[in-house]
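One structure is given below, encoded as structure tokens.
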Amino acid sequence: MENTNVNKAPPSSAAVLNDTSSADSVSNMSFVIVQFISQQAYDNFFFVTMILNEGICMIGVITNIINIIVFVKLGLRETTSISMLSLAVSDLLATACGLWSNLLYLPQFPSFGLPLRTDEIFLVTGGTTRQFLARTSALITTFITAERCLCVILPLKVKTLVTRTRTIVAMVTIFTITVGPSLMIYGNYRIGWYFYADVNRTLLGAPYVDGEVNNIVDRIIFSVFGTFIPQFSPSLSTCVCTVYPRHPSTKSRKFPQKARQCNGFRAHRPPCPK
């Protein structure tokens, strides 16, 4: 821990590129809204919104814990159980980060007297982490949707295509390519005790270490891993895997109908047509 003078923490390129919930965004939004309503009305609305968000996140934490317990007790023999357990873990971590982030932005939080630089601590422990975990859930959802699509299109081959080992490898890969970049981002911050002249206090903060190399790393991570792969691709893939089986799978749906017609009547009827 070090005690260093910090007049103002340099802006993070990560926050500028990807964190729309940062303190600057909230301040700009509040400035626009206050032009139409009073400051007191806005504060009340913001407080109610944060309380509702806290309640939703709390429900998400509880339900995901229950889901994890249920899937563990049921066993992980099926591929769907493995993917659903991974989704529950990702959602649990994301909702926990949301619970902490909303707490940091409560208007009453400064009155608690905690020596925290909320905007910097929020970015490191809440905002960035929650965004990467949300993208993890998006990729896992895409995997589950693709498996359901294969169940409709290739009902007899899905067990050989989607095995337990392949599912585990897929889940580990998804967590690696989404959570891994966030660990690299954290290397650009320095958590410690700093003196902030704007509040005339020594607070626990995490100022961004500005530099050309760090900015390049941030831009590459957020443009490649953070934007294209975890946002655009899962949305498109989920839509395709959901819509595609509904139209061209009519031929594959004839198989169970033929099987039901032939089952038990093979000795009395001619062979079913191929």
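Cβ coordinates are placed from backbone N, Cα and C, and glycine is handled just like the others.
Feature annotations, courtesy of TrEMBL:
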type	residues	note
DOMAIN	63-179	domain 'G-protein coupled receptors family 1 profile'
TRANSMEM	45-72	transmembrane segment
TRANSMEM	84-106	transmembrane segment
TRANSMEM	168-186	transmembrane segment
Whole-number mean of pLDDT values that fall within the domain 'G-protein coupled receptors family 1 profile' (63-179): 87
Composition by DSSP (helix, strand, coil) of residues within the domain 'G-protein coupled receptors family 1 profile' (63-179): 98 helix, 1 strand, 18 coil
